[in-house]
Structures are given as C-alpha cells and as structure tokens.
Amino acid sequence: MEEEDRIEERSSVRPRGRTFSGGGVSESRWVDGSEVDSQSPPLSLFDDNEAKEEYGSLRRRLVKKPKRVDSFDVEAMEIAGAHGHQPKNTSTWHTLALAFQTLGVVYGDMGTSPLYVFSDVFSKVKIESEVDILGALSLVMYTIALLPLVKYVFVVLKANDNGEGGTFALYSLICRYAKVNMLPNHQPADEQISSFRLKLPTPELERALSIKETLERRSSLKTLLLLLVLMGTSMVIGDGILTPAISVMSAVSGLQGAVKGFDTTAVVVFSIVILVALFSIQQFGTSKVGFSFAPALALWFFSLGSIGIYNLVKYDITVIKAVNPAYIYFFFKKNSKDAWSALGGCILCITGAEAMFADLGHFSVPAIQIAFTFVVFPCLLLAYMGQASYLMKYPESSDRIFYDSVPESLFWPVFVIATLAAMIASQAMISATFSCVKQAMALGCFPRMKIIHTSRKLMGQIYIPVINWFLMIMCVVVVSIFRSTTDIANAYGIAEVGVMLVTTTLVTLVMLLIWQTSLFMALCFPLVFGSIELIYFSAVLSKVLEGGWLPLVFASFFLSVMYIWNYGSVLKYQSEVREKISMDFMLELGSTLGTVRTPGIGLLYNELVHGIPLIFGQFLLSLPAIHSTIVFVCIKYVPIPVVPQEERFLFRRVCPKDYHMFRCIARYGYKDIRKEDHHAFEQLLVQSLENFLRKEAQELALESGLHEMDLDSVSVSSRDYRTRDVPGNEELKVPLMLGTRSEEAETSNSEAASAALPSSIMSSEIDPSLEYELSALREAIESGFTYFLAHGDVRAKKNSFFLKKLVINYLYAFLRRNCRAGAANMSVPHMNILQLVIIEIVRGKDGNKTFVMVSSLFSHI
C-alpha cells in the first residue's frame, strides 16, 4: 500500500500551471487539481506569528516562497468562516420524550435479562450456602455498574462523533485526526468544514503527534485498525440476527408450560409469525416503533422494580450486603472452576449494552443517560436483589426463579408483559444494525444499498429494506434449524463481549490521540475495563463447540463482505488515479476537445478528486459532440456526520477559460441522506458555479491591479492574502485578497488598501469576460443537463496471486453487480435505458431536456 500511495502522490503533481492570456490581462491559473500536493497544510500561510515577520511589505512577501495553496482549500476556509454551525439546543421536554423512546428501542434486550440470568448462573453453580447467592448477586450488580453505567454512560457516550455512535463513528473520529483511511481521497479542504474541525490537546500534543505519525506511516497498522473496526461492526450485525431469534423464542416458549399441547413445533411456527410481523413494522421508522414499544417497556421496568421491592421486604432484605465486592472473592474461592463457567451466564445481564452507543444516532446522549441512570439501572438492581432475596428462602427455585418470585395473583399479567417485552428486545439490535450498515456504506466499507429516512426531524432514524429482509430471513432460518435457544444461548455473549473489546480499544486510542487525557487515565481505561471483558470473553469462548460457533460464522461472513468491498474499492480508485488523462493531452486537443461543442451542461460523475478520469476520453472518442460546459462531479463522503448545505460544493477550473470545464466536489457526511431530486441538485450546483465564477473574477481583478501598484507602498496582514504561482518564475508569488473581513482592524486595513487600488479595479461594472461566461452558462442551462456515468470495472492482472484474482475478479465483481446501481445511488434521472456495446444511453423526456449517458471501462490492477 505504501508504494501505491507514493504512485498516487507522484501523479498528483505532474502537470504544472500554464499562462493563458485573456482580456488583455496576464492570467495565472491552476489548470487542474492534480498539480497540488493534497497533503500540504493550507493553514500554514495564515499564521499570525509569521505574519509580522514575513508580510511587513509586499516586496518581502513576494521574495519569500511560502507553501502552495489549493484554491479548493482557500474557498473552503472562506465558506467555513462565513457560516458557523452550532448544535441546536434541545428542550428538556424533547430530551425526556427521547429518553422515553429509548426504553422501547435501546433497552429492551438488557431489560429482559432477569428472565434467564440467575437460571443460567445457578445451572453451573449449585446453591449450597448464602455465599453462592450473594456472590452471584454481587457479580451481577458490579457487572451492570462497571460496564453499562461507568464505561458506556459516563465515558464511551462522550466519545461520540457529533452525535453518532458505534465502532464506525469512533473510526471516523480517528480518521479526522490521522490519515488512516484506506481510500486515498483526502483533501486539506475537508478539514475546513465547520463540523470537521478538531482541536488537538495542548498538554499531550507531542504524544498525539507521535501516535498520529506512527499510524500514518505504517500501512499494516492502518489495515489492522480497519479490520478491528470491521470485526466489531460484524459482531453488531450478527447480534441483529441472533437477538430477535433468541428473544422471540424465549418469549413464546413460556406458553409450553401454560397451554396444553403447545409443543416445540408450535413454538417454532408461532415464533416465525412474530418475527415476520416484527420486521414488517420496521418500515414505519424508529420513532413510531419506539413510541409503540416504549409504554410496554416502561410498564415492564416498573414491574421489575415493584416486584423486586416486594420480594426484598417479604423474604430477606439482608441481601443488600452483596454491595460488598468481597462476596465475589468468596464466590470464586468456594466454587473455583464452576464459578468461572458461571461467568458465561452472568454476562447475559448486560446483553444489548452496546446498543446504547450504536443507537446514539437515533436519539441523543442526555436521553440515553437519563433513561439508563434513572430507570433501567435501579429497576434492574431491584429485580436481581428481589430474586436473590427469594432464593435465600427457596433455593430450589433457581430453575424458574423469575416466575416463581412473582406474586401468584400477578402471574398472568406479568407473564403477558414479560412476553411482550422479550419480543420488543430485538428492536434494539435491529436499529443498531441499520446505523452500523449506513456508516459502513458512507465510509466505503459496505456495498451500496437503498436507505430510507423515516424521520423529518432526526436524521439518524433510518430504514434499510435489504438489510431488514435479510435479517428476517436469517432469523427464520436460525429458528427453523435450531428449534431451541439452548445452543445459541450457550455462547450468546461472544458477540457482545467481542464488540465491547473493540470499543474499549478504539476509545483508548481516542483518549491518547484526541482527548485531553493524561497518560495514566488513558491507560487505566483499558486496564480496568479491558481486563474485565477479557475475563468474561475467556468464559464464553469455552462454549464455542456447544453452539457458540453461530455468531462467529455470522461475524466472519460480514467481515469478509466489508473487507472485500473496501479492498476492491481502494484498488479501483488507485487504478483510476494512475490512468487519468494528462493535462498536456487536453491542451493539445484545444478548447474544442477535438470534437464539436454543443450547448448544454454535461455532468460527468467520477470518484477522482484530482485529475481528469480516463472515461472522459472514452466519451470523446464515442460521441459525435460534447457539451459546451463540462463539470466533473465527484460525490465524496468525508469522515464527519453532516456537511452543512452551504459547504456542500467546491469548484475549480480544470482547463483554461475557453475550455469551460470545471471540477465540482459534492461532499456528504456519513449521516447525510441524499434526499434531494436531480432538479434540486442541479439548481444548487449552478448557483455554486455562478458564485465561483464571480469570486474568481474579483480575485483576478485584484490580482492584476496589485501588479500595477508600488510594491513597497502597501502593507497588509497575512490573513488578507493568499498566493498563486506565476509561470516562469518559481520564486514569485501573487497575493490574492480574501473577500470578507469580520474585525474592525481588518476593515480599516482593507479601506487603506482599497484607496491605493486603481479606479478600474474598484469599478462596480461587471468584467466583460465574466459577463460573457455567465451568459454562456445560462445558455447551457437552458439547453439542459446531461449526466455521464462511468462504470469502471477492475480485473486482476494475469500474474497476480490466485487469492487476489478470486477476490477481485469474482467476489468483488459479484458485489458490484448486485449493489445499488450508480444512477439510483447518484439520484440521477432515468426513464429508458438504451444499452450499446460501449455506451448506455438513458433518454429523458424532451420537455425535461435531461439525458444520461453511461460508459463502461475495464482496468487491470
């Protein structure tokens, strides 16, 4: 990978700036984005400390050769400075409403754990004395207190990525600080997005930079980090299959003891019916599902707390001394190996804890914290203490401890609520699965699929039809084949503890790299929580041969899919970078591009952020004419949740002015949903292009005017200028004045500089070349838009290893053929598709004047 990265960097600086004259004024413009090193920091030119020494006069500034600035970067700085984005403050009632919804979406799985935890624990350890009961109770209490409460509620939830949670959110947060993303399409302009900016910790700056350089330098660490994230995400998705199957079957199996003739076959059939109904209602959205399920779960938690208090008062209130952790020591001392085996049942009390973090995008941090701290945590503790109190008097009831501890008069009402709560428990992992898949898709680690936004107010509430029906089918298959939850429950905690270990590792890296955390505190986090999780992990791994292989199989399958997609996408992008068209070839063709230029705007979609894609040459050879205005559109996802609308587009010229060719980078966050139709997209793109042309004309006017001034007569701040290369003199830099100033001191400097400018520059008349270009753009808009889509297939070289040929030529190719098509994924209009040998043409209605042309190209990697 390091060699391929170097190839990409060398190809990005090959073309140089050229001088083109127009309007009688010498122009010096970059002809393409590929000539600027994408790794150079743009903010180095605007350092206040260097400004006093290097920018005392224009002459000294022109002699000094600063680092080159990409016009993408400067435009991004201006946009980000003009549009500050602050998170909206939510009202208290809105937060409480969200907290209520979390009961039905996030805490269903954890809330139903009292149904089976003590039953499983005491199947491994026989109750012989109060040490067994108090030790097991103390284990459960401290497991809930340390992992869900302390770790997730007070630490992990704070490591969210602007409101998004999960392993991929942590990965994107790390990608913002260190360039560890395997796809080499990072640009300095991305760092100027208002929601992208991050502040490195001052006390630990040297430590953070050392870790950052190590991660960026070693490709093996990048791959290891990616595999770690993919493994955690795969286990969450696997939980989305296992949790509904186990929860529903556990609920329905309760009818076997209450209804005569209700055998195993009836349990399987009834479970399948409920599963189909459960997945069918997902299309109505998390908000509606949450409000529907939340009242039932609220009643369930109230029942747990009330029954727990009743049992404590009636049987043995002295069990509260289990808060003393010494009973855990006595428990292990007495039972030794059996106690270690019982940890596999104890971990079931926190199944679904990862959903608190993974479902964060559906709700908010305060809502999840309030619901767990004031409702879930106390009710669970009361429920377990009540069961332990009952066992102190009736130790023989450990097999059916939950229902035996319920007062006889409340048995049937509690049974109905418990059955309903167990069915709802699967909702938490279904919602978490949707969130993880969407984040993986946006970061290039999952095949493209259709995403439906189910809420107008909360962007995180989504529904993915393909994933939903896949989970339903797999749940039905699991229930039909196993016909019992015994084998699955034996190692149900493997996936849960595995995700926790991944989260612990990533949060530790966030602490060391990003947070202002001392080294001691950063190391205490993995030492404390990682040690606890490793102990539990060793206990649940002992049950792999007894059925625990199932979650591992699901996790391995999704891990393979995600890594193959990411690996193939990276190789495809690197191949396109190597094969892009050189700028010398474009200049030789001339402004006509060797063909006829007809009115209209051609939007060529591609993934390159620099250079001209090879597929454009295919269009030039195959089409009898090309449009008067060409825009290379790159739909790019950046590692942040949301990109503000006004910061969406970045423009620059690709060739000289008379070519009328531009590059547009449309940036989206992994939480953004592209809901706009093609008409709205076209309107936003045209508005941004017009603004770019006007700003460019102003810069050129200032640039040419400053050449006529006495260079020693004006002194300005470094923040008011930026530089461009002047061809033929590598040491000469031409300053360009930024258009906006916010401080009064800067305004006075601007007035002083403006007074010295020639009157021709200060004239309010529109530049003739700008007026001509705007009129040509409007004429092209009236003629309509044409969408060019490139289907670039990749093939492994003949001398490649067999494994690479298998992965690229068959597995990755299969995923690309069956993922969401480019036209649908790009929100491109399509009515009728005419497929030719080389070009597929989509003809729109004459009234819309919109056309889509698709070309296929093969690359060998």
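Cβ atoms are placed via backbone N, Cα and C, with glycine included.
Taken from TrEMBL, the feature region 'Disordered' applies to 1-50. Residues or ranges marked as domain 'K+ potassium transporter integral membrane' in TrEMBL: 98-587. Among the features that TrEMBL reports, transmembrane segment is placed at 133-154, 224-252, 264-281, 293-313, 339-358, 370-390, 410-437, 458-482, 494-515, 522-541, 547-565. Feature annotation from TrEMBL assigns domain 'K+ potassium transporter C-terminal' to 599-837.
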Can you find at least 3 Cβ pairs under 8 Å between the transmembrane segment (494-515) and the transmembrane segment (370-390), where each pair is 6 or more residues apart in sequence? no
With a Cβ cut-off under 8 Å, give me the same-chain residues at least six positions beyond the ends of the transmembrane segment (339-358) that come close to it. 106-110, 113, 116-117, 119-125, 135-136, 139-140, 143-144, 147-148, 152-153, 156-157, 160, 165-167, 236, 239, 243, 331-332, 368, 372, 380, 384, 425, 428-429, 431-432, 435-436, 489-493, 496-497, 499-500, 503, 535-536, 538-540, 542-543
Taking the transmembrane segment (293-313) as the first stretch and the transmembrane segment (547-565) as the second, find out whether 3 or more Cβ pairs fall under 8 Å, excluding pairs closer than 6 in sequence. no
Are there residues at least six beyond either end of the transmembrane segment (224-252) with Cβ under 8 Å to its Cβ atoms? List them, or say none. 108-109, 112, 115-116, 166-168, 170-171, 174, 180, 182, 215, 267-268, 270-271, 274-275, 278-279, 351-352, 354, 358, 418-423, 425-426, 428-430, 432-433, 436-437, 439-440, 445, 471, 474-475, 478-479, 484-485, 488-489, 492, 495-496, 498-499, 502-503, 505-506, 550-551, 554-559, 562-563, 566
